Amino acid sequence: MIDNHDGFMEQDHDQAALQDMARRHTINLIQMKALENMRSYITGDTPKYEYKLSITSPSKTPSTLTGDKILLPQSALEQLLAVAPSHPLPPQALDPESWDLPRGYLEGRQQQHQQLPHPLIFRLYNPANNRFSHAVPREFSAEEGEIGISPFLREALGLEEKDEEPLKEGEEEGSREKPKITIVSKSLPKGTHVRLRPLEAGYDDEDWKALLERHLRMHFTTLTVGEILSVEGRTSSRGRKDRGEFRFLIDKLEPEEAVCIVDTDLEVDIEPLSEEQARETLKQRLARKTGGSTGGILKVGETASGEILPGGYHFYELTKWDRALPLIIEVDGVEEGDEVDVFVSTSKQHHKPRDVEHVWGDFGCTYPKRIDISCTNVELIDAQTVFVGIHGYRSLDAGDDEESEDESTRHYILQITQSASESLEMNIDGAEDTAPGPDYKKCANCTQWIPTRTFMLHENFCFRNNHFCKECKQVMKRGTESQHWHCSHCKTHGNNAPFALEKHTSVFHRPRNCSSCLYEAANLPDLAVHRTTTCPDKIILCKFCHLLVPQEGTGDGSHPDAETIITGLSKHELDCGSRTTECHLCSRIIKLRDMETHLKNHNLQRLSKSLPSICRNPNCARTLKGATNDLGLCSICFGPLYAQGYDPTGSQQKRRVERKFLQQLLTGCGKSWCQNDMCKSGQANRGVVQDGVMTTAKAFPMIKPVMERLADRSVPLGLCVDGVTGKRREMAEWLVAESALQERGGYDLAFTIAAVEDAGGDIEGARKWLEKEGVRKGERSSQV
């Protein structure tokens, strides 16, 4: 015993006992912590983080802070980690006897298990006006004691009103105290439904639907009732917004008044704010229909005529056409001085064709405008719909204000046709310098070959009325030379100057910037190619998650990496396809993007399979499965013929087979279901033996051909079987007849017997086995 200074007496333990006691004490503490975390995980209780921060001035807030994103100081992250719950320990952690860990391991594991919730959501509360909203941190880079919030959150919290208050007398700029808000960590449920109400009339689905989806996906994680969403309009070819800004009021959310919209299917309803707004919207839509067609479904051979305003679009859809013939899209009927462009894309692009985003287009000034699309074009493969967009070109002299624009409509006629033979005009070099005949002379003005007898009349008329451009060799009426133009940047020429020249320069010689990435296009057609091919913001239908998402990418999207080129997958599909799943054929864990190749290997192995070896007995429904005997019978059928005696020549086995057949023909098996030709009962059941008498004289001639070719396995050995085996044989033969009526070809009897045997006589299971393992006759012949 040892006497301590405090008067306490302790027993003298050895070192091992002290270590064991310390270990158990630590285990009890960790066990209590695990139970506490388990309870909070089940009940949903999470530690709250509450703090008051000053608002960073708008001038110091980065422009990249959009939507419901905020900037928090570094200390906020440290405090969050300090109160963050640990992951519940595994069940074995609750058993102290199972702990056998080195010193320091428990403390390290506790640090590793601490994790912040995802997404990390905060409720922002403005005590000055009792307004609140929700946000997620973008970075932890704000000044200590301050919080940076986006313009959207400033409007939602009513902070813009205070910023716009005029300075009082004697108050210096920057001396005003910064407003403060309270932030509290908050967990929000996944949203299922949102109802939006537009704040202005005249919105069409084509205007805002795609823009709204993109805006929510890029800038928002949460939505709160009462907030106003401001969606920028679509960027036109000249860098301006076609419809300015779309504003929507969040009127209703489910299941609560604030929801999280990440990783959830959100149903969106758009309803008018009032009956007056609904009537005004209908009125504006009707006003834009200035007569004729304004778009819709169009069939091959039909003609659609319409009138379009400058800067407007009419969209047509072609859903049915002969895919073995080329498509010819022609636009005509445009009056002189007007300009109407035509753009075409397919449903694979997931957007309507516009001047900055189309697959095929014609910006020219010559009519009729014609776009020929070959039936073998890769864009038409698997395309369900062809979209045609008619665009009324707006002069660069027109201002951005809609009231100052020219509102005169432009008439057009659209027709889509298909032709079995495409007319090709072949220009042979030097053909125009060769005279059609000996009595022809070339006109010095228009350089055409004219018959000698009328040459003088033609030359006098030509010099008096026509003007010949030596640069482009085009003949025009004298007096219209001022309308003729040549581009100083390329070899293009035309008439109707300066309007046509201005349009050509704007379209083909004006650099454009992609509104979604950093790509700098040399002209408008180059920008359209970029937006429909390599742009990271191009919308695709992911083949793995089956959602419409941006294809993503690196840099400005002008140079895709090697992996996307080799695999043919976008950046999003490469990341999404990295998820794994279980192969339904072999139960192996395979990446989604490798599943197609993996299944092809399964299919190749299936097609390379040989026919299963089946029993030689035509009444049997079993495969050999490794059974080896000279007669080619399964183990069940060969059982009665087996003998252990030494028989090097096979004569004894031959006599046993002969006696078996003779017994079947003379006495029969006595089974009512027997259909065996080599059995008396089978012949009686089939009505072959009318009197029911079978003599040896009749039996031996039937047995002799079989015995002579006993070694030939192609000769069937008709042995009697039980009723279950007979039914399975009938089922296998019925599956052969059923598959023969299908388009892909039928199965061999060997495959159907193997399928029925594997399924245990279940016909549905046999069908599934055949689809998985069977090889049809047509597939086998194509492989050969």
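The count begins at 1 with the first shown residue.
Glycine residues also receive a Cβ, built from the backbone N, Cα and C atoms like all the rest.
Taken from TrEMBL, the feature domain 'Ubiquitin fusion degradation protein UFD1 N-terminal subdomain 2' applies to 190-272.
Helix first, then strand, then coil: DSSP counts for the domain 'DUF7590' (291-419) stand at 9 helix, 55 strand, 65 coil. The annotation domain 'DUF7590' is assigned in TrEMBL to 291-419.
Note: the domain 'TRAFD1/XAF1 zinc finger' (569-598) comprises 13 helix, 6 strand, 11 coil (DSSP; helix = H, G, I, strand = E, B). As annotated by TrEMBL, domain 'TRAFD1/XAF1 zinc finger' applies to 569-598.
Positions annotated as region 'Disordered' by TrEMBL: 158-179.
Nonlocal intrachain contacts for the domain 'TRAFD1/XAF1 zinc finger' (569-598), taken as residues 6+ away from its ends with a CB within less than 8 angstroms of a stretch CB, comprise 536, 540, 542-545, 549-554, 561, 563, 772.
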